[in-house]
Amino acid sequence: MERTFIAIKPDGVQRGLVGTIIGRFEQKGFKLVGLKQLKPSRELAEQHYAVHRERPFFNGLVEFITSGPIVAIVLEGEGVVAAARKLIGATNPLTAEPGTIRGDFGVNIGRNIIHGSDAIETAQQEIALWFSPAELSDWTPTIQPWLYE
């Protein structure tokens, strides 16, 4: 079953949106298999955003993501990577559709509440970076037969 990595950024944590955001994913039918709150080290943040290292916003992004606690999440479900991206919405909250997490709660591109893996391969890398195998739960929800054929 497909998995994705989600991070509720410091602005989402500070604004008390963690439960609401997790609820949206659960209501969609995705299974929570990893969950933890932490204040990322600079090294971890730089590894996570390494693809942006040469971009002008890199240092600001690393400073922001390490400025407070984040909630790291692993979700599981059919098509979860693409579906989670749709639920999250466009990177810029000002252009994100109403009903998406960023459209409903985001303020600006630098404070856009949440990160979600953009591809299956990226999700695998991000999950391995943020979680050890022992931190992930393998379980079967009783509603699974009602979700998947």
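Cβ atoms are placed via backbone N, Cα and C, with glycine included.
Note that this is a predicted model, so its numbers are computed, not measured.
Among the candidates LYS9, LYS28, the residue that Swiss-Prot names alongside PHE57, ARG85, THR91, ARG102, ASN112 for the ATP site is LYS9. Of all the binding-site residues given, namely LYS9, PHE57, ARG85, THR91, those whose Cα is no farther than the 10 Å limit from the Cα of HIS115 (active site, pros-phosphohistidine intermediate) are LYS9, ARG85, THR91.
Take the recorded positions LYS9, ARG85, ARG102, HIS115: by the count of other Cβ atoms within 10 Å of each Cβ, the lowest one is ARG85. For THR91 (ATP binding site), applying a Cβ distance below 8 Å and a minimum sequence separation of six or more within one chain yields ARG102, ILE109, ASN112. PHE57 (ATP binding site) counts 12 other C-beta atoms within 10 Å of its own C-beta, drawing on all protein chains shown.
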